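Chemist: Mind having a look at this structure? Questions to follow.
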Amino acid sequence: MDIHAYVPGKAKAEGVADPVKLSANENILGCSEQAREAYAGAAGQLHMYPDSRTSLLRAAVAERFRLEPERLIFGQGSDEVFQLLNQAFLEPGDNIVQGEYGFAAYAIGAYACQAQVRRAKEPNYTIDVDEILKCVDERTRIVFIANPANPTGTWVPFAEIERLHRALPASVVLVLDGAYSEFCNDPAFDDGMDLARTAQNVVVTRTFSKLHGLAALRVGWGYAPAEIAAAVDRIRLPFNISIPGQLAAVAALADEDFQRRSVEHVDRWRPWLAQQLGGLGLEVVLPSAANFLLVGFPKTPGRTAVEAEAFLAGKGLLVRGVGNYGLPHHVRITIGLEEHNRAVTEALAEFLKA
Ligand code: PMP
């Protein structure tokens, strides 16, 4: 079976007591205080199985986004939603299509189903609808588009998503992964939720790991056509969302103040960091609409991305080299707190001067 192991980020800050983690696009502000209290409040229920239907959270998500509850799929992170979709649709020899630098989780599940992964060229580090369509053939079952994408941070305007949807055969499921969608405030951006309300083959996914800062609890969801949601439900293991996860997610969803502060923080510091790093002569991939930046390094020995990652790690700043995404000359840096962003800028200035 053609299965490629997931390779986690390797950076270690050896000898540094308390490294700053800017390598996994987590929420640098932490999470909502109410979510933390809800999590702690679940302590009395640790002996119990969770509600297998995820009813409270299902109702909360349905109400907040005005979605039909029975069309929601809950997973251990959106990763599990992708996995379930792959399992539901892929036979050996089928394929999925994604961007060439696309997020690793889609492919892991596809390979486990003995399916193939077709990677569409991403000119200017951006998903290109025509390139995606070139990869689609009669064995394509799912097209995965992260919008905004990881690790590039770039995004596709809704008109292009609509064009892609129109051009795809109805038998192909279009998954719009909105893990970072809340961080994109450009008016031309649309997460596709309205398209998914009426289309027969569109699934929109979201996560509690990024905006809501609950990555540890592994809660994600998808909004799918009723038949797809029902098919996934037949292969989903019961009890996949823990009680602390369900309760904290409900509380997080209600804490709009925390969500607003999280978005504002990224809005404020992303352009600042991009400008500083650009000023050092580094190639910053723009526009980034997520809570991170992708930064290109020279190929000159002593200045490379791999060396930059190690240099930053030595200063207690963990960033993510993205060689395993097909980008060996780039690192991905999560937008940190002000002091982290200043520390990264200073350390990289020193690195490039040395
Ligand atoms: N989609 C993208 C594009 C991501 O970068 C991530 C997390 N790194 C996810 C989905 C999955 O997040 P989770 O499983 O935590 O919901």
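Numbers run from 1 along the shown chain.
Using the three backbone atoms N, Cα and C, a Cβ is placed for every residue, glycine included.
Grabbed the feature section from TrEMBL, which reads as follows:
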DOMAIN    18-342  domain 'Aminotransferase class I/classII large'
MOD_RES   K210  N6-(pyridoxal phosphate)lysine
Chemist: Do you know the mean pLDDT across the domain 'Aminotransferase class I/classII large' (18-342)?
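Modeler: Result for the domain 'Aminotransferase class I/classII large' (18-342): average pLDDT 97.
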Chemist: Which number gives the other C-beta atoms within 10 angstroms of the C-beta of K210 (N6-(pyridoxal phosphate)lysine), all protein chains shown included?
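Modeler: A 10 Å sphere around the Cβ of K210 (N6-(pyridoxal phosphate)lysine) contains 27 other Cβ atoms.
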